[in-house]
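Worksheet for the structure shown next.
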Amino acid sequence: MKESVGEGAFATVYKAIYEEKVVAVKILKIPKHQKKKQKTIMNEFRREVRVMSKFQHSCLVEIVGFSVSNPVALVMELLAYGDLYQFIHNPENEINWELRLRIAYDISRAMSFLHSLSPPLVHRDLKSPNIMLASKDPRAPAVAKVADFGLSQELLTSSLRGESA
């Protein structure tokens, strides 16, 4: 692995080479002596792998592979401009209205795709650190891609009607 490109409460993301391709490797931080937290983290990891490997869309981050042995890791495409949160908080980045609208458009395309599935899939953690940027060119095939599906959930018909289980 090359360098750390991001870190969160439950994982660190590294830049790496896999099969001659530059990728992002998300390595989970699994606390050794907290069984309940271990189970929660692993359940979210399994959900993320299942969702990312099941659905392909130009505005969803692509999964390349994963490992359930030590270290538990998710290998994904690496997007050139990192996450939206870091991008908008960097004063060197110019974000004109055309780019802002394109980012919003790509996010809406991803959400529309997920919500049109049967059953619909709800992301449940959509925020700027979970939006990755592939390009700064509003005319590119995809500028923004949605990532981090650890909290996503399929909606059952009863959930849509407001009924409880």
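Indices start at 1 and increase along the chain as displayed.
Placed from the backbone N, Cα and C atoms, the Cβ positions cover glycine too.
Now, the feature entries from TrEMBL:
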{"type": "DOMAIN", "residues": "1-165", "note": "domain 'Protein kinase'"}
{"type": "BINDING", "residues": "Lys26", "note": "ATP binding site"}
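In this structure, the residue listed as 'ATP binding site' is part of a beta strand by DSSP. For the domain 'Protein kinase' (1-165), the model's average pLDDT works out to 87.
Long-range Cβ neighbours of the residue listed as 'ATP binding site' (same chain, at least 6 residues apart, Cβ-Cβ under 8 Å): Ala11, Thr12, Val13, Ala73, Leu74, Val75, Met76.
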